[in-house]
Amino acid sequence: MGLKPPLKTRNPRNPAVAGVGLRPQPLLIDSIPCHRGVAGVDEVGRGCLFGPVFAGAVVLEAANASRLQQEGLTDSKRLSARRRGDLVPLIEHEAEAWGLGQSSTREIDRLGIRPATELAMLRALQRLPNRPELVLVDGNLPLRPWTGEQRSIVAGDQHSLAIAAASVIAKQCRDALMQRLSQRFPGYGLERHAGYGTALHRAALLDLGPSALHRRSFLRRFLG
């Protein structure tokens, strides 16, 4: 069975990119078709003080996306850890394809957070068995390393089921890594905040200093 034609959009290298950064209509989650040629991509951990940034990429067909929506799939930030854990195997089963990518703390400090996040997204997309015809990117900025067709969607994880699925998989995997790393780097409370800059985390940094996996480029203003 052949692929359905992708949504019409312009190449992101064109200054007059159609759809990039535009706020979607309320029912966009229903108006963007899910099929083999469309992948949703999202990142997790961009604003953390510790650890890598993760990205997920998911390709969903319409019927499978509808089943996941009935199971409560939405933006990962709106879901409890238990609910995300329940959804991950369902997403893996229903997705036409999915992939994960990450950029290390060293890459974040060397490249900067935006290029490192884009690299994680690119790696997630490269893990898909087939190159998608269209990539839906969460946010208002284009994915610069991606040379194919793409569309940036503000609050995309609330409006595209493929992006929502990507955010759930990425967050669940990153949080699981933070749980393991909390044993290697005790005292920072990583098991509680997953590396975000909470009051507990900042107090621990002042007391213990940064670990090998803290983002030095994020801590300069905080620690001096």
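Yeah, the Cβs are placed from backbone N, Cα and C, and that goes for glycine too.
Lifted from Swiss-Prot, the feature list:
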type	residues	note
BINDING	Asp42, Glu43, Asp138	divalent metal cation binding site
DOMAIN	36-224	domain 'RNase H type-2'
CB within-chain contacts under 8 A for Asp42 (divalent metal cation binding site), separation at least 6:
Ala55, Gly56, Asp138, Gly156, Asp157, Ile163, Ala164, Ala166, Ser167, Ala170
Take the Cβ of Asp138 (divalent metal cation binding site) and count every other Cβ within 10 Å, whichever protein chain it belongs to.
26
Near the Cβ of Glu43 (divalent metal cation binding site), how many other Cβ atoms are there if near means within 10 Å?
28
For the domain 'RNase H type-2' (36-224), provide the mean pLDDT of the predicted model.
95
Starting from the divalent metal cation site formed by Asp42, Glu43, Asp138, give every other residue of that chain whose CB sits within 8 Å of the mean position of their CB atoms, in sequence order.
Val41, Val44, Ala55, Gly56, Met121, Val137, Gly139, Gly156, Asp157, Ile163, Ala166, Ser167, Ala170
